[in-house]
Structure formats: C-alpha cells, structure tokens
Amino acid sequence: MPPAAERVPWRWLAAGRASRRLVLVVVFVALLLDNMLLTVVVPIVPTFLYTTEYESANSSVAPAQTEPAPPAFKTPPFSSMFSYFDNTTVTILGSASAAELANGMESSHPPQPPASSPPLPSSCPEGDEFLAKENVRVGLLFASKALVQLAVNPPVGLLTNRIGYHIPMFIGFIIMFLSTVMFAFSGTYTLLFIARALQGIGSSFSSVAGLGMLASVYTDDFERGNAMGIALGGLALGVLIGAPFGSVMYEFVGKSSPFLVLAFLALLDGALQLCILQPSKISPESTKGTPVSTLLRDPYILVAAGALCFSNMGVAMLEPTLPIWMMQTMCSPKWQLGMAFLPASISYLIGTNLFGILANKMGRWLCSLIGMAVVGISLLCVPLAKSIYGLIGPNGGLGFAIGMVDSSMMPIMGYLVDLRHTSVYGNVYAIADVAFCMGFAIGPSTGGAIVRAIGFPWLMIIIGVINIAYAPLCWYLRNPPAKEEKIAILSQECPMQTKSYTTQKTLRDFPLTDDSDVEAENAE
C-alpha cells in the first residue's frame, strides 16, 4: 500500500503534464495575475501621487497662510472693541453704531462660513496645474512597462525557440513576484517607475511563452481559436478584477494591501507551474523558426499586428487620463476611479469568450473589422459622459469591441505562420505582444501630453478616428494566400524536393495531355 500510495501523486503529475487543459489553466492564471497587476495600479497611482506630493507640499504652506489670516481678520475688530469700547471711534468697525453688538456677534460667525466652505469643494482636487503635469508623469509611468516589454519581447521569442517555453514561463513568474512586492512597499515616483518597468520584463516572458505554448499544443485552427479565447479570458478577468479591486482596497485598507494579495496569488501560480510544467527541462523546437525580420516583412502579419496595436491603444490612453479627468470634472472619490473601468472589463470578458468561438464561424477578419469600428465609436462617446453612470455605455462597448479584436487576431497570427511560414510560434507571438505593448507604450506616454495640450475630449476624438480609419484594412485578412516559399522552408533539409516542387509548378498545363510526362522528363 505505501509504495502504491506514493506512486499516485507521480501518476497525477505525469497525467497533468500530458494534459493540454492543464497547460491552458497555467497560461490562464499567468495572464490573469499579469493583467491584475497591470490594472490594479490605474486608480492607485494618480491619487497616491496627488496625496503624497501635492497635499504634502500644501500642508507645509497651509500653516503659513492660516497664521497671518486670523490677525488680519480678527485683530482689528477685537482691538477696537476692547480698547475703545466707550469712544465714538467704534463706528470704524461698522456702518451703524446701533448694530455694534450685532456686528460683533456676526463677526464671529462670518469667519465660520469661509472655514466651512472649503470642505465642500475639497472633494474636487484643487491643483489644476499639478494635475495637468501629473497626466504626463502618470502616462510615462504606465508606459514604462510597455516600453520595456517592447524591447524584451524579441529576445524572449528567440529564447523560446532555443530552450522551449517552460523555463521562460517560470522566469516570468519570478520577476512578476518581485515587481509585485516592490509595488507594495514603494513610496516615491521613482520606485514606482522601477517596479512598473520590472513588471514589463516579467510580463514579456509570461505572455510570449504562454501564447507560444498554447499554439504549439493546440495545432488545430478551431481548437487553437477556442484555447486562445479562454486564455484571453484570463487576461480579461485580470483587467476586470484589477482596477475595482485596487480602488476599493486602497480606499478602505491601504496602498500595500492589493499588492500583497497579488504577491500571495503569484506564489500559488509558481507552485502550479512547478507541478504542471517542468521549468528545469530544456525542450528546443525541432524546426528552426522563421526569423523575426522575415515575419515583419509579411504585410498580413503587419495588418494583424496593427489591429492589435490601435485597438488596445484606446484603452491604454484611458488608463492614465480618465481617472484624472474624472477627478477634475466629476469630483469622483477614489473608489469610483477604478469602478469606471468595470463595464469595459466585464464586456471584454464576455467578448473574448463569445467570439473565441463565433469568430471562426463568421470570419475572423469581419469580427476584427467590426470590433475596430465599435472601438472608435465608443471612444468618441466617452467625453460626453457627465457622471460615472454616463461611462457605462462607452466603456462597455469599448471592452466588448476590444475582446472581438483580440480573440480574432491572436489565432490569426498563428494561422498566418502555419500558412505562410514555419510553424514555430515564439517569434510571431513576440510580434503580437510587441504590437500590444506598442499600444500601451505610445498610448499613455502621448495621451498625457495631448491632454495637457488640447484637452481630454480631443484625445478621444483622435484615437477614435484612427481606429475607424484602420478598420477597413482588416478586409485583407479575409483570405490570405499561402506563400510559395512555405514548401521550401519546411523542406529546407531536402533540396531535391524543393526543386521538384518548383518544376511541377512551372509545367502545370491544363488540360493535361498524354505528352505531359514526356515534357516533364525532358525538362529535368
């Protein structure tokens, strides 16, 4: 019994490592935690920087303003009343001498309304100039993650081709855990910036290795589309939970609390990877993958990557600018800054799971075309909102449409590699992640500057029009042709086969005659 009982866990691990569903679970959880950390900082950073920098700076100026104010206001009345009570000069204090006592009583009350009136507008932040500058600073902080990920993705794609997907996946977990702990205990803008950039490195390892692993495990195009939809559902769930979770925890518990919870969940993810995957096993691809430079010259891959970039750029521009715009125009409390993204997150979760299946039936090109058009229309409607309830419709449509684009473009990237290049997926999903990161790098960094220059409504108009104008390009993905070099790449170790393929193509005449074989032999 004891030996048999000891073998049961090992049998379970062996069966788990051979299961495609458990691999999907690992990728799902990794994308979930990555995107929870991505969005949990969205409502925290603007208000945290405002309270730590602007209010702390004004608190040192406030005593200097409150000390001279009482003497200037109160000393003239009280000095004249007590020192010249019986004199006729008391009329200096008021217009009517008969109402001196009433004016004396009222003089104690007028200071109170000015003292009680500032708390009413204090729900709205006061420093307009500081908030205008904060748009740029917060945008750069958010963009640092994507900029670092943008630079790290191509080397990670090459690394996965050489050593496989398991080790990079586990490296991503370790870096993400360190970044989460650093977020929890960072108290300055510089430390937050470093933690955000460190997250970009970990996210690059997790996303490229995870999506490449799914594409290699699910070889059928229909099954791959469903698996990608489920994996992107993890991404959507992370976005769904992150911003509301961060705003509520920051409001009622503290800044460090949401990051400590995420660090604990990251440890569970690491244990899951150790059980299901084999991080110490090096399993390079048997076939050499197509170089990144060759993939970047493929116009169809570029169109798909552009769709991913511009559709996600809209929500990337919203992340740093929408909370500050809400603080200025709606006087929103802290918890509402994260709740504003809740409709987009819920609809994104629905869209990725729904169109992971429907996109294959209705045509992924059509699904992405419609999605980009809806993204543009939703962005145009965001500045029309007058309260948080007015953001439900535009943000809901935005999330649903981005879910349509992502669930269509991710399988298309793998399909284009199968159709036109070598079926090794590390490099193409590195390009897909680069496109995704370009949207989240260009969006926040330029969005804050545009808001400071021409305002938030014009920012939404610009990115909305760009999405609508780009949408027709998805039509070119309707029926992409297979490259002639595809056969040669797959048969590069057998040059005789590639030669026979080229001759067969040049001598293909219809209708075939009896002399066709003779002509083929003479040509050889």
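Backbone N, Cα and C atoms are what each Cβ position is placed from, and that goes for glycine too.
Bear in mind that TrEMBL entries carry predicted annotations, made automatically and left uncurated.
Taken from TrEMBL, the feature compositional bias 'Pro residues' covers 110-122. TrEMBL lists 23-482 with the feature domain 'Major facilitator superfamily (MFS) profile'. TrEMBL lists 103-124 with the feature region 'Disordered'. Per TrEMBL, transmembrane segment is recorded for 21-45, 170-195, 201-218, 230-253, 259-279, 300-318, 338-358, 365-385, 397-417, 424-443, 455-477.
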Stretch of maximal Cβ-Cβ contact with the transmembrane segment (230-253) [cut-off: under 8 Å; candidates 21-45, 170-195, 259-279, 424-443]: 21-45
Model confidence over the domain 'Major facilitator superfamily (MFS) profile' (23-482), averaged pLDDT: 78
Beyond the flanks of the transmembrane segment (170-195) by at least 6 residues, Cβ under 8 Å: 30, 33-34, 37, 41, 45, 49, 52-53, 137, 140-141, 144, 201-207, 209, 255-256, 259-260, 262-263, 266-267, 269-270, 273-274, 277, 279
Best-contacting stretch, by C-beta pairs under 8 Å, relative to the transmembrane segment (424-443) and drawn from 21-45, 201-218, 338-358: 201-218
Stretch among 201-218, 338-358, 365-385 sharing the most Cβ pairs under 8 Å with the transmembrane segment (300-318): 365-385
Residue numbers, six or more beyond the limits of the transmembrane segment (21-45), whose CB comes under 8 Å of its CB atoms: 138, 141-142, 145, 169, 172-173, 176, 179-180, 183, 192, 196, 199, 202-203, 206-207, 210-211, 213-214, 217, 227, 230-239, 241-243, 245-247, 250, 255, 258-259, 262, 265-266, 269, 272-273, 276-277, 319-320, 323, 334-335, 337-338, 341, 345
